[in-house]
Amino acid sequence: MNSWMILVLMLTVCCHIVKSEGEAEPVETEKKVQYFPPEISGSPHFLETFDDPGVLNNKWILSDTKKDDTEEAIAKYEGKWNIEEPKSNPLQGDLGLVLKSRAKLHAIAAKFTKPFEFTGQQLVVQYEVKFQEGMECGGAYIKLLSHSKDMNLKKLNDKTPYTIMFGPDKCGMDHKLHFILRHTNKKSGQAEEKHAKKPSGSLDGYFTDKKTHLFTLVIADDNSFEIYVDQELVNSGNLLEDMTPPVNPPKEIEDKNDKKPEDWDEREKIPDPDATKPDDWDETQPETIVDPDAAKPSGWLDDEPELIPDPEAEKPSDWDEDMDGEWEAPQISNPKCEGAPGCGKWTPPTIKNPKYKGKWSAPKIDNPNYKGKWKPRMIPNPDYYEDLTPYKVTPFSAVALELWTMTEDILFDNFIITDSKATADSLAEQTWALKKKEEEKKINSSGVGIFRQLKDAAEERKWLWGVYAFVILMPVVVLSIICCPNRGPLKVDDIAARKKFDDEKTEAEEEKEEEKAGEEEKTEASEESKAGGDAGTGVRRRTKKSDLEVEEENKEGDDEEEEEEEEASESQSNSSPRKSPRKRKPRKD
């Protein structure tokens, strides 16, 4: 009963899915939530909500340069940008910066009123991304451009110096969430890229679910960093310990001028110099020999090849021997070899030679002169320096989007750079949180929210795919057990048992039919008797039989029944099992 209940439940869910997929998307009847510009407490260093479309011309600057070492056809930064509402806008009247072109280089930037210098307790970088068409290959990261007096955003390209690069990137199955810090070497003065470790968990869902996602980077004055996606921590670490290569160089390095002494012995084991080869050691014996006890199997066809030309093959009509060469029929297995133990020349098998010992070598012993593996000596690193405050990043004075993408309609919104996580959270509460709520409400109303959540959960925890497979296949197994019990090849005993069961079933049905017929005859007789008495005509439709006549008829019926049973038993003993004789009742004339 439980199995049937599980099966019915699963079938109901499947029917609901098919129904929901087959129906057209319902027309939105509910009024959208009205967007209002956020009210931010404190003084963020940079804030852009794109509420005014005019900022695309008077605040954000498009690059008009070219990328070096790139084909001329795609080297120019000519990708289009626009400020517009999302295609599926959860908030009425909300606008964002949209990357409009595919297979193009894009570059756009906005300058701060003054450079950002780390003087507080935190650096917080936060913005929204919505992949409205998913993402095939491309980036959606931002760059915080290093401050310089001669900064020209119209010449922004991939070589423009930056302090921090942060955000999502994908190409094919490779998903990334960049956090790259360009740290200045205190000795050389050169900037070096330091990469944070990869975040835990899967990032695939952020690129495919077409929802608005919030990316947040927090750097604190204790050199710790935290990365959030949708206000959930996905990566954290320390600038001094979890960046590759390390921020600070090692104190000591190997001496490149140091060389291994000529008498340095690195061998742990050496051949025993006192060992000698035994006199009975024969190095000439082969490893394998022909089996002397092997004999050619009887019936071996020495003169028949294993393969022969196909006698039914014909040369193609368009075969040109000058171009294709001499035609030869394809090879097939020799039919004469099918019933034989083998064809062709017989060769006896080989076996391992019991006399084989191989080439003699002296056994190994510990090397008395072993000094270990040689390494160059360590010397102080002339380039060593120690920066205990890498959180004090190089000042930056602009935010830029310098991207290549194969997917268009990527939306960016609500950029904020501040020294307070609380300020960034306040902005998110008034913008992203409202969008998230409305997007989830729409997904849940369409009937696919739970399935998308299951998929996203499985992307992060691969073992959940096994659980889903078990839940889906279980009803199929239960149904097969219910509908097809004890399936398998029928044996002779099974056939006989089934035939016997069918015969017994047929006999029982015939007996029931005869009993029913007898009861009907009795009913008719009683009705006729009653009818005759009521009429009072004195005419009897049936004449009662004497007791003697009834006994004689019963005796005759018993004799006939015994004869039929004897005939049936004789017939059953001389042939396959048949139906057993029916039990007859006394006839009624």
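We count from 1, first residue shown onward.
For all residues, glycine too, the Cβ spot is worked out from N, Cα and C.
Automated prediction, rather than curation, is the source of TrEMBL annotations.
Lifted from TrEMBL, the feature list:
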| type | residues | note |
| --- | --- | --- |
| COMPBIAS | 251-279 | compositional bias 'Basic and acidic residues' |
| COMPBIAS | 301-311 | compositional bias 'Acidic residues' |
| COMPBIAS | 504-518 | compositional bias 'Acidic residues' |
| COMPBIAS | 519-531 | compositional bias 'Basic and acidic residues' |
| COMPBIAS | 549-569 | compositional bias 'Acidic residues' |
| COMPBIAS | 579-589 | compositional bias 'Basic residues' |
| DISULFID | CYS137-CYS171 | disulfide bond |
| REGION | 239-323 | region 'Disordered' |
| REGION | 502-589 | region 'Disordered' |
| SIGNAL | 1-20 | signal peptide |
| TRANSMEM | 463-484 | transmembrane segment |
For the compositional bias 'Basic and acidic residues' (251-279), sequence-distant contacts whose Cβ falls under 8 Å of one of its Cβ atoms, 6 or more beyond its ends: 360-367, 369-381, 384
Surrounding residues of the compositional bias 'Acidic residues' (301-311) on its own chain - C-beta under 8 Å, 6+ positions past either end: 328-334, 336-337, 340, 342-346
Counts of helix, strand and coil residues, the compositional bias 'Acidic residues' (301-311), according to DSSP: 0 helix, 4 strand, 7 coil
CYS171 (disulfide bond), number of other Cβ atoms within 10 Å: 15
Counts by DSSP class (helix H/G/I, strand E/B, coil) across the compositional bias 'Basic and acidic residues' (251-279): 0 helix, 6 strand, 23 coil
Counts of helix, strand and coil residues, the region 'Disordered' (239-323), according to DSSP: 3 helix, 15 strand, 67 coil
